[in-house]
């Protein structure tokens, strides 16, 4: 067997290699490093020095013994060490020549197997993702992250180190890593959710397209402004429009409703209901402008307002005197009074109605009630009250109640009344 020699590096270099940041792994970093370590089998003695120098330049670490006994070597700046073999016989280096080739072959075969399995599973994952979702391109970056080529060198280095000592564990770890895209896909949203998510916008568009008949707030605002301008230009009042709608379409609207529509003060639902009616009225009014139509006649009737009645001071004084005598005259009294004052019966009736409303506004109700109570005699308030003993004979409340106020039922009385009612219902 060819001899293996080692060069003795300076003590400072050994300190840097062992304690100052050297590698602390007990195996080569990768399969490529394992192949480079073949320099240890020298067939010519004149290559020993160069091979030993190259050995110290490799990133691979010394043997496990060097890792465990680094602190016990006591290497310092003044120590004169000969060689590694002189200080510590390394069984790892002695047996390296015997098992190096089988280990390299196992590493190569395991690496090929792992790469084949990972590529096969990655291809299956991409096919499944492409069949499951129309947006498989969105998942490609996630799947590619677990591809063999996308892994970091450090992960590959740890995988190779594990294969040297535990090939079965390394294959299982690689298999688990290759299956990771499937778990990532399961953790994500399902294809149905993706399809529903991306089709949601289309569904909303379809729904909104089916509800095109419902106007928006902007449409209502624009129509209200246009309607008001056209109505004023045509010469119709808001009361005319409300009366015309009632005559034409059967829905009578007041002047206040039309005013609130133009001012956008109605609810959105009522605005939507009123808009088509006003639009039809506006179209008919535009088409029949200049010719006397039913709308014009209705508008003319609406514009016919009665002239405000003016009553002379003497007549008003007579009505006031009669009002103090009788605030609510009968029909015969109204007729006789109208004849005596030479007024229409309807004018007299309306005047009395307005006068009564004015009296209510001028007189607070509490004052009127207080005056009435003050005017009553003291005994009248008590004897004019409610006497329950007149109509409570035979009742559970007793027959000798002398209270002049409505009886207040206590819980005991309510319970007894309920028991009596239950007994009567049972019989």
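Using N, Cα and C of the backbone, Cβ positions are placed for all residues, glycine too.
Segment annotation: Swiss-Prot labels region 'Disordered' over residues 196-217 (candidates 152-173, 174-195, 196-217). For the ranges 244-265, 266-287, 288-309, the feature annotated in Swiss-Prot as region 'Disordered' maps to 288-309. Helix, strand and coil counts under DSSP for the domain 'POU-specific' (212-286) come to 57 helix, 0 strand, 18 coil.
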